[in-house]
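Below is one structure, written out as structure tokens; the observations come after it.
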Amino acid sequence: MDIAIQQPWFKRALGPFYPSRLFDQFFGEGLFEYDLMPFLSSTISPYYRQSLFRTVLDSGVSEVRSDRDKFVIFLDVKHFSPEDLTVKVLQDFVEIHGKHNERQDDHGYISREFHRRYRLPSNVDQSALSCSLSADGMLTFSGPKVPSGVDAGHSERAIPVSREEKPSSAPSS
């Protein structure tokens with residue numbers, strides 16, 4: 001398959017509005033036509049319409065939900081096992097770190113690492129926080145909220161990541 005190279009003026013003019021998979025966690029998995037020219041991908045293949053924002057949503061973007069009763073973080077970590085993940089609570093923040101050492105895949109050797117930090121709402125019960133990894137690679141971090149005026153127990157501690165055998169119930173983008 002020949003891939004047309006986009007012109008520099010095109011890249012400069014539309015680049016900020018059409019992010020590429022080149023710099024996300026899928027680096028090294030190969031390129032598609034829409035990675036190089038997302039705006040023109042429908043003209044190259046008129047019967048196939050690729051969402052212009054698909055690459056942003058598929059690049060490990062997390063989803064944070066905070067409702068009246070609980071706080072939940074969904075994070076796609078499909079390239080990591082529970083042993084590769086560290087989840088810590090440091091005062092009002094949760095830090096999620098994933099790293100796996102260099103290993104061989106279809107295209108050569110690859111290593112991955114990420115670090116995410118989220119602020120916890122002040123009324124989250126930090127003694128009841130939990131973290132699980134679904135079979136499809138969705139990390140779910142959650143904690144119940146306590147009524148206002150009740151001490152939520154802020155301290156530093158590690159949260160173990162448990163493995164679930166069923167796929168995640170988180171909405172897919």
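Quick reminder: no glycine exception, Cβ is built from N, Cα and C everywhere.
Since we're looking at a predicted model, the values are computed, not measured.
According to Swiss-Prot, the feature N-acetylmethionine maps to MET1, an assignment based on similarity to another entry.
Among the features that Swiss-Prot reports, deamidated glutamine is placed at GLN6 (among others), with the record citing similarity to another entry.
The phosphoserine annotation in Swiss-Prot covers SER45 (among others).
Positions annotated as deamidated glutamine by Swiss-Prot, on the basis of similarity to another entry: GLN50 (among others).
The domain 'sHSP' annotation in Swiss-Prot covers 52-162. A mean pLDDT of 84 is what the model gives for the domain 'sHSP' (52-162).
Per Swiss-Prot, N6-acetyllysine is recorded for LYS70 (among others). Remark: LYS70 (N6-acetyllysine) has SER142, GLY143, PRO144, LYS145 as non-local neighbours, by Cβ distance under 8 Å and separation of at least 6 in sequence.
In the three-state DSSP scheme, LYS99 (N6-acetyllysine) is classed as strand. Counting only same-chain residues six or more apart in sequence, the Cβ atoms lying under 8 angstroms from the Cβ of LYS99 (N6-acetyllysine) belong to ASP84, SER111, ARG112, GLU113, PHE114. The N6-acetyllysine feature in Swiss-Prot is assigned to LYS99 (among others); the stated evidence is similarity to another entry.
Per Swiss-Prot, the feature Zn(2+) 1 binding site maps to HIS100, GLU102. The Cβ of HIS100 (Zn(2+) 1 binding site) has HIS79, PHE80, SER81, ASP84, SER111, ARG112, GLU113 as same-chain neighbours under 8 Å, each 6 or more residues away in sequence.
Positions annotated as deamidated asparagine by Swiss-Prot, on the basis of similarity to another entry: ASN101 (among others).
Look at Swiss-Prot and you will find HIS107 tagged as Zn(2+) 2 binding site. Secondary structure from DSSP puts HIS107 (Zn(2+) 2 binding site) in coil.
Cβ neighbour count for SER122 (phosphoserine) (all protein chains, 10 Å cutoff from its Cβ): 11. In the three-state DSSP scheme, SER122 (phosphoserine) falls into the coil class. What Swiss-Prot records for SER122 (among others) is phosphoserine, and it gives similarity to another entry as the kind of evidence.
Annotated deamidated asparagine per Swiss-Prot: ASN123 (among others), in sequence order.
Tertiary neighbourhood of the compositional bias 'Basic and acidic residues' (153-167): same-chain residues 82, 85-92, 94, 125-127, 129-136, 138-139, 141, selected by CB-CB distance under 8 Å and a gap of 6+ residues from either end. Sequence annotations record features per position, and here Swiss-Prot assigns compositional bias 'Basic and acidic residues' to 153-167.
Residues or ranges marked as Zn(2+) 3 binding site in Swiss-Prot (evidence: similarity to another entry): HIS154.
DSSP gives LYS70 (N6-acetyllysine) a strand state. When each of the modified residues ASN101, ASN123 is scored by how many other Cβ atoms sit within 10 Å of its Cβ, ASN101 comes out lowest. The local packing around HIS107 (Zn(2+) 2 binding site), expressed as other Cβ atoms within 10 Å of its Cβ over all shown chains, amounts to 9.
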